[in-house]
Amino acid sequence: MIGGSGVYDLALLEDTQRIEIASPFGAPSGPVTIGTIAGVRFAFLPRHGEGHRIPPEGVNYRANIDVLKRCGVTDLIAISAIGSLREEFAPGSFVAVDQFIDRTSGRDGSFFGEGLVAHVSLADPVCPRLSSLAADAAQAAGAKVHRGGCYLAMQGPQFSTRAESRMYRQWGVDVIGMTGMPEARLAREAELPYALLGMVTDYDSWRDGEHVEVDQVVQVMHANAALARRTVNELARLLPPERAGSPIDHALDNAIMTAPAKRDRALISRLDAIAGRLAL
Ligand SMILES: CSC[C@H]1O[C@H](OP(=O)(O)O)[C@H](O)[C@@H]1O
Ligand SMILES: Nc1ncnc2[nH]cnc12
């Protein structure tokens, strides 16, 4: 699990171990905590680091996913604070996001590049099985849950202007945040089924006379902290004892374009965790 704003630890984890893992993609947000809940092994990483040190544009998304992959993670659930662009997605409710629009810029958005070109499909960026499990867990924990929603990833760190917020509504966007991209696209390249469970903390600035302020976000986040914790607990209980395979486990099978003789050996060795399975 990757925890977002307000979710800096998984208090329910038992038999925990904190591990500092190095990544060829640079420094991750911090050590990974590994432990169990109801017999299920979880690895947890707070996206903004302990004490919320790292801004959304400064998160090393590649290193975070790389180190989780190195821990043996098979499925990735991200928790995020989100603003709502729809009246019926009220603050306090949860949204199991199923689509993204990426308006971020200047972030490293791929593990691949010159010397090893790859194109994975991102038509359906979220794993339906994992997303539905996350939604079931939030519902069992007592949350009001919306299944499906389009998340616009903005660059931040400032919140949107009123004109942007209203334009995003016209685009059919449901919720907004600053971190879902490039996280979701990198998870797909890493062949990790990904789900994003958003906690609505505010109505973004599209309503007359209202605008989002961080104190309001923090207030709703704190009010929701216990619910988020119960959700993780329920999730551990809902996960099937045997993990079913997913087509996302093989997302890279037909993705590599670069001819074997032209491949960059240094890049291939950096990709040992992400694409080692392919024996490039
Ligand atoms: C604290 S409001 C803005 C901040 O919260 C969200 O973070 P995360 O997605 O990690 O929960 C949003 O994306 C911004 O980074
Ligand atoms: N309104 C908003 N815009 C961007 N990110 C957010 N995170 C929580 N609320 C947000």
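Using N, Cα and C of the backbone, Cβ positions are placed for all residues, glycine too.
Feature list (source: TrEMBL):
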- 2-234: domain 'Nucleoside phosphorylase' (DOMAIN)
- S5, R47, H48, S80, A81, T179: phosphate binding site (BINDING)
- S160: site 'Important for substrate specificity' (SITE)
- M178, D202, Y203, D204: substrate binding site (BINDING)
- V214: site 'Important for substrate specificity' (SITE)
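Across the domain 'Nucleoside phosphorylase' (2-234), the prediction's mean pLDDT works out to 96.
Proximity of the binding-site residues (R47, H48, S80, T179, D202) to ligand 2: a Cβ under 6 Å from the molecule is found for D202.
With a cut-off of 6 Å between Cβ and the nearest atom of ligand 1, the binding-site residues R47, A81, Y203, D204 reduce to R47, A81. In terms of local Cβ density within 10 Å, M178 ranks first among the recorded positions A81, M178, V214.
Checking each of the recorded positions (S5, H48, A81, S160, T179) against D202 (substrate binding site), the C-alpha distance stays within 10 Å for A81. The most densely surrounded of the binding-site residues R47, H48 is R47 (count of other Cβ atoms within 10 A of its Cβ). Inclusion criterion for the recorded positions H48, S80, S160, T179: a C-alpha placed within 10 angstroms of the C-alpha of D204 (substrate binding site); this criterion is met by S160. Spacing of S160 (site 'Important for substrate specificity') relative to H48 (phosphate binding site) is 20 Å (Cα to Cα, whole number).
A gap of 12 Å separates the Cα atoms of R47 (phosphate binding site) and M178 (substrate binding site). If you compare every pair of Cα atoms in S5, R47, H48, S80, A81, T179, the residues listed for phosphate, the longest distance is 12 angstrom.
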